[in-house]
Amino acid sequence: MSARDLLPLILVLAVLAALPFLGLSGSALNFLVTTLIIALAGLGWNVLGGFGGQYSFGHAAFFGTGAYATAVLQMKFGWNAWGALGAGIGLGALVGLAIGYLSFRAGLRGSYFALVTLAFAEVFRILANTADITGGAAGLLLPLRPGVASLQFADRRLFYLLVLAFVGVALLASRWLERSRFGAHLIAVRENEEAARALGVDALSVKLRAIALSAAITAAAGGLYVQYFLYLDAGVAYGTWISVEALLAPIVGGIGTAFGPLVGALALQGLGEVTKHLAGGIPGVDLVVFGACLIAVIAFAPQGLLGLRRRRRTVPVGA
Amino acid sequence: MLAVDSLTKRFQGLVAVDRASLGVPAGSITGLIGPNGAGKTTLFGMISGFLPPSEGRVLFEGEDVTAEAPHLRARRGIARTFQIVQPFAGLTVAENIAVGAYLRHPRRADAVAKAREVGLRVGLGDQLDKPASDLTVAGRKRLEVARALATEPRLLLLDEVLAGLNPSEIRDILPVVRAIRDGGVTILMIEHIMQAVMTLCEEVFVLAQGKMIASGPPRQVCADPHVIEAYLGKGAAARMKAEEIAHA
């Protein structure tokens, strides 16, 4: 990758890194951390769904695995928080490989693949809700232990920067996908799997590597989530909410682009926050707005918000 | 270079290809012709690894590749085009070709350079940065060839690259095919356009109803009564012979 490829990335990260030092309120910082965690989960989804064209409805399976592994390894096995987070990411990738192996080997695509991933996430949710090791329906409460070793910071800005660092790595990985042989193969499989195979692309292996990377990034989001909120139950970890957030952000922001998930997460979460403010106490009103946004984006801007900008620059032939 | 040894493909009860054999010598342009539904594309599918044969073997440079997946055959040096063109519609022409070029050039800069060079060679030079979906039918056929060629194959399987083109477009693409062969790539082509087969191919195999019914130099094959009957129906050869005598 050349310096020119990396410049926008560095600029965006620099601006985001400066944000919390502008005297934001606690709730504003809270909002930013949540948004970045969702953006990270979306960046993970985008690797498989955006670049690879394999739409998962069950990225909660990876988010939850990362979250539970991070929490359980600390609480029940006395692991260090950093080690637990690392293991959570690795375990997420393994779960991704397993789900990918089962569904891609069977040749599942499109809505069939989406349904299978949804089913896996639901199975995990139900299991986590009953198993002892996950705390069952009561969930897990991570003990408060501020300190770098336990990955809990008294100053929330530090945690924000940590999440931002993860987002930076995920953005770098996405950028690399846009510029590498592996990325080209992945996009080729998305566009036309038969043709890709004829050109020497091992479609199964490409998809498996993509789902492992995708799951690892989303698992990192899960691990960071539990480190921030210090509480986890099956509905949070494996609930459909995160599967939906993880796919909405890239679709709204710009599917299959490096910055799409980040832009989408900021736009959607910001919009949700504003609606909650304006509509007052109507529960779930932000979800209604999300739904309306999704319909609007798919109908009028299938390339997402970033696509709108690009379309203005190059008018397609025949338009 | 390529030897196909009594390949058979059954789809349930239907025998699409029935113990068909053919050989392609290195450095040649060999044709595969036959009426619609004869099983030509099915045979291609088995040679390139997309369809597992029910019986028979495929040998590439003396090695049995019958059970190998398509991407492994591509790495060995077998490339194919599709009769129904399969562009990566969301990508530009150059990006399409680069996917093929990445097979031998892992670095992006090398792959892109190779893609541009191949694009130029097949006559897509001024359209490299267009979206592939903007190409005309003739352009898409060229793109199919370019992508396959970018994998730097030793054997190129062309599945009706001339179909759907008008006569002037055909005239333009014939030298491209010949230049590919002169560049050291052996070619096996399925073609319907007899004029092209006559001018390009050194040897032709004729498939009819799944069976290989004739082979030889194009002129000889076209005069073969079996071949005439396969195309025009039973008794056609005799009728034509009689007409010829009557005219004489």
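Backbone N, Cα and C define each Cβ position, glycine as well.
TrEMBL does not curate its annotations; it predicts them automatically.
Looking up the ranges A:1-22, A:287-308 in TrEMBL, the one annotated as transmembrane segment turns out to be A:287-308.
TrEMBL assigns the feature transmembrane segment to one of the listed ranges (A:81-104, A:129-152), namely A:81-104. Residues of the same chain lying 6 or more positions beyond the ends of the transmembrane segment (A:158-177) and with a Cβ under 8 Å from any Cβ of it are 1, 5-6, 9, 12-13, 16-17, 20, 29, 32-33, 36-37, 39-40, 43-44, 46-47, 51, 151-152, 183, 186, 213, 217, 220-221, 224, 227-228, 257-259, 262. Long-range contacts of the transmembrane segment (A:27-48) within the same chain, counting only residues at least 6 positions beyond its ends with a Cβ under 8 Å from a Cβ of the stretch, are 16, 19-20, 54, 56, 59, 62-63, 156-157, 159-160, 163-164, 166-167, 170-171, 173-174, 177, 207, 210-211, 213-222, 224-225, 228, 242, 245-250, 253, 255-257, 260-262, 264-266, 269-270, 273.
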